[in-house]
Amino acid sequence: MAEPTSNKAFPVSWDQFHRDARALAWRLADKGPFEAMVCITRGGLVPAAIICRELGLRLIDTVCVASYHDYKNQSELKVLKDVAPNIKAIGDGKGKGVLVVDDLTDTGKTARVVREMLPNAHFATVYAKPAGVPTVDTFVTEVSQDTWIYFPWDMALTYVEPIAKGHKG
Ligand SMILES: O=P(O)(O)OC[C@H]1O[C@H](OP(=O)(O)OP(=O)(O)O)[C@H](O)[C@@H]1O
Ligand code: HPA
Ligand SMILES: [Mg+2]
């Protein structure tokens with residue numbers, strides 16, 4: 001993740017992320033049945049752990065994707081690891097019965113690349129920006145395209161300027 005230049009900040013605490021990921025699990029509970037989960041690394045690892053616990057899923061795979069991001073730019077996206085053959089073979093062989101999880105969809109590029117691998121899978125993210133909304137089936141919270149979401153694993157407790165002195169919070 002590159003240093004963001006978005007206008008607005010949406011900081012998320014561990015507590016809030018846990019609540020939002022659990023809310024996503026509630027929304028997914030009647031969208032299955034799911035035989036397996038595929039999580040898009042690395043950001044998808046965190047909601048995946050929470051959601052597979054809530055939904056009782058134990059067959060978990062990863063798609064490993066590397067890309068460079070900032071608010072306006074995303075370089076080429078590299079797939080470092082594809083879906084395992086036994087996961088691809090589930091259901092209709094095109095993802096039916098597979099739940100794909102990521103932390104967010106922004107431009108939608110990551111979700112589109114993974115959807116090419118599993119076109120009939122159910123795609124779920126905790127957060128979504130408008131350009132990414134059409135690429136996912138279920139999400140919890142939408143933020144505007146010019147908002148940068150700060151995840152708890154990318155942050156540390158630190159001093160912030162008062163709002164009157166220009167804090168964007
Ligand atoms: O919809 P998009 O514009 O593709 O953006 C969404 C993706 O960007 C972030 O991952 P990133 O590539 O930064 O890597 P990471 O998960 O390893 O942090 C996020 O975790 C999503 O996977
Ligand atoms: O808003 C975001 N926050 C964190 N990582 C991201 N990767 C793409 N968009 C974002
Ligand atoms: Mg990611």
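The backbone N, Cα and C atoms fix where each Cβ goes, glycine too.
Listed features, source TrEMBL:
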type	residues	note
BINDING	Arg42, Gly43, Asp102, Asp103, Leu104, Thr105, Asp106, Thr107, Gly108, Lys109, Thr110	5-phospho-alpha-D-ribose 1-diphosphate binding site
BINDING	Asp103	Mg(2+) binding site
BINDING	Asp106, Thr107, Gly108, Lys109, Thr110, Trp148, Ile149	GMP binding site
BINDING	Asp106, Ile149	xanthine binding site
BINDING	Asp106, Ile149	guanine binding site
DOMAIN	13-158	domain 'Phosphoribosyltransferase'
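Overlay of TrEMBL annotations on the structure.
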{"residue": "Arg42", "record": "5-phospho-alpha-D-ribose 1-diphosphate binding site", "Cβ within 10 Å": "15"}
{"residue": "Asp102", "record": "5-phospho-alpha-D-ribose 1-diphosphate binding site", "Cβ within 10 Å": "31"}
{"residue": "Asp103", "record": "Mg(2+) binding site", "Cβ within 10 Å": "23"}
{"residue": "Leu104", "record": "5-phospho-alpha-D-ribose 1-diphosphate binding site", "Cβ within 10 Å": "22"}
{"residue": "Asp106", "record": "5-phospho-alpha-D-ribose 1-diphosphate binding site", "Cβ within 10 Å": "24"}
{"residue": "Thr107", "record": "GMP binding site", "Cβ within 10 Å": "16"}
{"residue": "Gly108", "record": "5-phospho-alpha-D-ribose 1-diphosphate binding site", "Cβ within 10 Å": "18"}
{"residue": "Lys109", "record": "GMP binding site", "Cβ within 10 Å": "18"}
{"residue": "Thr110", "record": "5-phospho-alpha-D-ribose 1-diphosphate binding site", "Cβ within 10 Å": "25"}
{"residue": "Trp148", "record": "GMP binding site", "Cβ within 10 Å": "21"}
What whole-number Å value do you get for the CA-CA distance of Gly108 (5-phospho-alpha-D-ribose 1-diphosphate binding site) and Trp148 (GMP binding site)? 15
What mean pLDDT does the predicted model reach across the domain 'Phosphoribosyltransferase' (13-158)? 95
Among the binding-site residues listed as Arg42, Asp102, Leu104, within 10 angstroms of Ile149 (GMP binding site) by C-alpha we get Leu104
Around Ile149 (GMP binding site), how many other C-beta atoms are within 10 angstroms of its C-beta? 22
According to DSSP, folded down to helix, strand and coil, what is Lys109 (GMP binding site)? helix
List the Cα distance (Å, whole number) between Trp148 (GMP binding site) and Arg42 (5-phospho-alpha-D-ribose 1-diphosphate binding site). 17
Should we count any of the binding-site residues Arg42, Asp102, Thr107, Gly108, Lys109, Thr110 as near ligand 2, judged by a CB under 6 A from one of its atoms, and which? none
Arg42, Gly43, Asp102, Asp103, Leu104, Thr105, Asp106, Thr107, Gly108, Lys109, Thr110 bind 5-phospho-alpha-D-ribose 1-diphosphate per the record; greatest CA separation between any two, in Å, is 17
Would you mind pulling the DSSP three-state label for Arg42 (5-phospho-alpha-D-ribose 1-diphosphate binding site)? coil
Spatially speaking, which of the binding-site residues Arg42, Lys109, Thr110 is closest to Asp103 (Mg(2+) binding site)? Use C-alpha to C-alpha, please. Arg42
Do me a favour and check the Cα-Cα span between Lys109 (GMP binding site) and Asp102 (5-phospho-alpha-D-ribose 1-diphosphate binding site); whole Å is fine. 12
What does the DSSP secondary structure composition of the domain 'Phosphoribosyltransferase' (13-158) look like, as residue counts for helix, strand and coil? 45 helix, 43 strand, 58 coil
